[in-house]
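For Asp19, His206, His208, Asn242, the entry in TrEMBL reads Mn(2+) binding site. Annotated domain 'Pyruvate carboxyltransferase' per TrEMBL: 10-271, in sequence order. Taken from TrEMBL, the feature region 'Regulatory domain' applies to 393-522.
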Amino acid sequence: MTNVTDQDRVLIFDTTLRDGEQSPGATMTHEEKLEIAELLDDMGVDIIEAGFPIASEGDFKAVSEIAQRSKNSRICGLARANFADIDRCWEAIKHAEKSRIHTFIGTSPLHRAIPNLTQDEMAEKIHETVSHARNLCENVQWSPMDATRTEWDYLCRVIEIAIKAGATTINIPDTVGYTAPLESADLIKRLIETVPGADEVVFATHCHNDLGMATANSLAAVIGGARQIECTINGLGERAGNTALEEVVMAMRTRNDIMPYHTGIDTTKIMHISRRVATVSGFNVQFNKAIVGKNAFAHESGIHQDGMLKNRDNFEIMRPEDVGLSGTSLPLGKHSGRAALRDKLETLGYEIGDNQLKDIFVRFKDLADRKKEVFDDDLIALMTLDDADDHLQLVSMKVTCGTGGQAESTVELEVDGQDTIATEYGDGPVDATFKAIRAIYPNKAHLQLYQVHAVTAGTDAQATVSVRLEEDGMIATGQSANTDTVVASAKAYIHALNRLIVRREKTGPGADAREISYKDLT
Ligand code: KIV
Ligand code: ZN
């Protein structure tokens with residue numbers, strides 16, 4: 001819970017579901033947004049920015065359902081500087097136990113030029129819209145977008161207006177990732193010293209990572225006096241992304257000697273939510289990413305291993321357990337039973353009911369028959385294969401490929417209960433297989449992403465495949481894992497198609513496409 005009287009408490013404002021999800025291709029389904037919101041709520045995030053309610057019917061529904069479900073976090077929605085956006089936002093969040101309207105306008109010369117407003121006209125608009133938001137909701141955040149490229153005098157003037165109009169949080173966005181740590185600290189410090197009323201509001205920092213300095217800039221802003229960091233899981237976000245939640249939280253915790261601040265985050269929940277966000281967004285985490293990368297706690301070089309064995313502190317400034325990585329990781333095998341599987345999944349952050357366990361156990365046994373040792377990452381891959389919206393199901397497939405000729409793939413699919421077979425040729429086995437699937441189930445979905453990762457080491461490793469399809473503005477991501485890469489690819493493609501079919505049925509073509517593109521924001 002937020003303790004606002006504590007001077008060193010830094011509020012964590014997570015915008016994975018808004019700024020993160022607006023990253024092209026990172027679209028999540030309704031159910032995925034609810035799941036991520038629940039994990040954020042559970043890990044102690046103070047404020048969840050759940051979406052941009054006026055952007056689409058889908059955004060509105062997600063924000064309002066998250067608002068109704070949240071247990072601890074304050075639920076925030078985004079609104080541009082007009083009454084229609086603000087009213088729609090309030091409609092979506094008003095049932096939350098704790099809610100916040102976040103309204104913004106671009107204040108830098110470049111952004112003022114887009115609506116073609118003079119400084120005075122924009123100042124008037126800020127006064128009107130923030131007052132309107134405050135009449136609806138007692139908790140209002142205001143952001144001068146592109147603040148770090150806004151003239152100093154004008155920035156002070158508009159912040160003062162927003163505070164007088166009732167804003168309770170002033171967020172300072174570095175929208176294009178332009179600032180640097182010393183400047184970031186100095187800007188917040190001078191604003192707090194200069195703007196009348198600044199001591200009555202919370203100052204927030206919202207950094208983008210275009211120059212790779214988002215984490216440093218956010219921490220510097222806190223040193224300058226900000227007490228809210230806006231961030232996303234895995235640093236998900238447009239272009240080079242946003243400040244990564246896990247980085248700022250672990251930095252303040254690990255270097256508390258020089259950054260004596262604290263948050264309400266349960267850091268042991270970091271790894272699980274990081275994996276879930278990577279899976280549902282289709283944005284894999286780079287291996288050497290700080291805190292949550294696969295190699296972040298791996299000490300493979302001989303010198304490091306020797307040092308680690310002598311004393312962990314030699315090379316480890318954080319303990320893996322602190323971020324939710326289980327310390328020792330003994331693999332399971334084909335003789336492991338249900339209890340061992342459940343126990344292992346629980347240590348990995350999954351809470352599973354008996355029915356789900358039954359289903360996972362069958363898949364685990366199947367994998368253990370093909371693979372001697374089943375590692376944590378194998379199990380995580382098994383867990384990512386979720387919903388069975390089975391309009392299309394893979395019955396069998398046979399692929400011939402190699403040197404000297406085109407690859408050939410014969411695929412048998414059950415389409416709404418009826419078996420159909422097709423054979424196609426292509427530029428490699430995956431191309432031939434996707435063509436065969438399209439021959440059985442013709443569709444105009446455009447393949448936006450095809451990604452393959454080996455889950456563990458070894459030639460018997462499972463491959464996880466992500467496929468992202470786009471049709472009429474609707475996006476669906478599918479995943480699969482298998483020791484056979486081509487089978488995993490076929491299943492991931494079918495998974496994405498199944499999801500697309502379900503979305504099409506629920507909403508009709510184009511219904512979930514954003515009426516307001518996020519591009520309108522920046
Ligand atoms: O980066 C940005 O300026 C934003 C605003 C909408 C706060 O995301
Ligand atoms: Zn942003």
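Just so you know, the numbers here start at 1 and follow the chain as drawn.
Every residue, even glycine, has its Cβ placed from backbone N, Cα and C.
Shown here: features listed in TrEMBL, placed on the structure.
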{"residue": "Asp19", "record": "Mn(2+) binding site", "contacts (Cβ under 8 Å, 6+ apart)": "Glu49, Glu230, Thr232, Gly237, Glu238, Asn242"}
{"residue": "His206", "record": "Mn(2+) binding site", "contacts (Cβ under 8 Å, 6+ apart)": "Thr15, Ser143, Asn171, Ile172, Pro173, Asp174, Thr175, Glu230, Asn242, Thr243"}
{"residue": "His208", "record": "Mn(2+) binding site", "contacts (Cβ under 8 Å, 6+ apart)": "Pro173, Asp174, Thr175, Val176, Gly177, Ala214, Gly237, Glu238, Arg239, Ala240, Gly241, Asn242, Thr243"}
Can you tell me whether DSSP puts His208 (Mn(2+) binding site) in helix, strand or coil? strand
Model confidence over the region 'Regulatory domain' (393-522) (mean pLDDT, whole number): 86
In three-state DSSP terms, Asn242 (Mn(2+) binding site) is classed as strand
Around the Cβ of Asn242 (Mn(2+) binding site), other Cβ atoms within 10 Å, all chains included, total 30
Could you name the residues, excluding Asp19, His206, His208, Asn242, of the same chain that surround the Mn(2+) site, i.e. Cβ within 8 Å of the Cβ centre of those residues, in sequence order? Thr15, Pro173, Asp174, Thr175, Cys207, Asn209, Ala214, Glu230, Cys231, Thr232, Gly237, Glu238, Gly241, Thr243
